[in-house]
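Participant: Take a look at what TrEMBL says about it:
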type     : residues : note
TRANSMEM : 29-53    : transmembrane segment
DOMAIN   : 45-294   : domain 'G-protein coupled receptors family 1 profile'
TRANSMEM : 65-86    : transmembrane segment
TRANSMEM : 106-124  : transmembrane segment
TRANSMEM : 144-166  : transmembrane segment
TRANSMEM : 201-227  : transmembrane segment
TRANSMEM : 248-265  : transmembrane segment
TRANSMEM : 277-296  : transmembrane segment
Amino acid sequence: TSFKGNMENQTKVTDFILVGFQSHPGSQLLLSVLFSTMYVVTVVGNACMIFIIRTDSKLHTPMYFFLENLSILDICYSSVITPKAALTFSLGRRIISYNGCASQMFFFSLFGTTEAFFLAAMAYDRFTAVCNPLLYKIIMNKRLCVFMVVGSYLLGCINCTIQTGFTFSLSFCGSKEINHFFCDVPAVMHISCSDTLVNEIVMLALCGSIIVGTALVVFISYGYIIITIVRMPSAESRLKAFSTCSSHMLSVCLFFGTVFFMYAQPGATSSPNKSKTIAILYTIVVPMLNPFIYTLRNKEVKESLKKKFKRKGGFL
């Protein structure tokens, strides 16, 4: 045991180095500005969404309840990664402590998993609204909506506890350089000096079942929605229903497509550079685009915005 203790003392890693994107200093600064700008747009866009939904009683419906929670989630999700990444690029602060890395992974996995369940809940909400409009208010009652949101966070919590626990039970004794701009599970696993086969199987099984499960709910719901839309008698009602759902589908395809590539296929740890580029999409671009995708094509939100600007016109 004393020999084992000495080994642990010698090899205990207290911090890691985030490699980020290796390029010349000029482009590092450009990346920093780009990440910072996208982060500001994400926070402002999602905060505006929350404000509009909270202050307009017409928007106190299940659909907007989910959108408000999605906006809160996207602010948290983006805040876990983007500010640290921007600092890494601009100031070259590449070192992240062992505990900092573990907590970043924990919260990133929590919010990422929760987002997948949110998108499934929102798809079910749209399915009920389009396919069972007469029963919509009975089915999508407040209790079910709150249960879906809390349930999404609980399932996210289970997944991130297992993922982070399994990853940080590995030994780190060689390279401290994580070939990524944040502590992502595959990238951290890649630098371990332990055998990661069990971890890769757990990641594939857990993430695969979550991604495939939630994606199935989403695509089956939208399959039924499209069939219902096609059968609608008037072209106007078809167009209205389709414009609402097409924006949701865009966000869903972007999120699930990139996440599936990253976590739900064997050998997810093998192509770090491709992984980093794709990670920008689901960690930074999707949370930034969500408020625009879900609201700019939405008549009710546009009307609410117009009213607010008119009301404030006096002091604007």
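Each Cβ is built from the backbone N, Cα and C atoms, and glycine gets one as well.
TrEMBL annotations: computationally assigned, not manually curated.
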Participant: Would you say the transmembrane segment (201-227) and the transmembrane segment (65-86) are touching, if the rule is that at least three C-beta pairs must lie under 8 angstroms and be 6 or more residues apart?
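Facilitator: These two stretches do not touch.
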Participant: Given a Cβ distance threshold of under 8 angstroms, which distant residues of the chain, six or more beyond its ends, lie next to the transmembrane segment (277-296)?
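Facilitator: For the transmembrane segment (277-296), the nonlocal Cβ contacts are 35, 38-39, 41-42, 45-46, 48-49, 52, 67, 70-71, 74-75, 77-78, 81-82, 108, 112, 180-182, 184, 247-248, 250-251, 254-255, 258-259, 261-262, 302.
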Participant: Let me spell it out: take the transmembrane segment (106-124), skip the flanking residues so only those 6+ beyond its ends count, and list any with a Cβ under 8 Å from a Cβ in it.
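Facilitator: Long-range Cβ neighbours of the transmembrane segment (106-124): 63, 66-67, 69-70, 73-74, 76-77, 80-81, 148-149, 151-153, 155-157, 159-161, 163-164, 182-185, 210-211, 213-215, 217-218, 221-222, 248, 251-252, 255-256, 259, 282-283.
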Participant: Spell out yes or no: are there three or more C-beta pairs under 8 angstroms between the transmembrane segment (144-166) and the transmembrane segment (29-53), with each pair 6 or more apart in sequence?
Facilitator: no
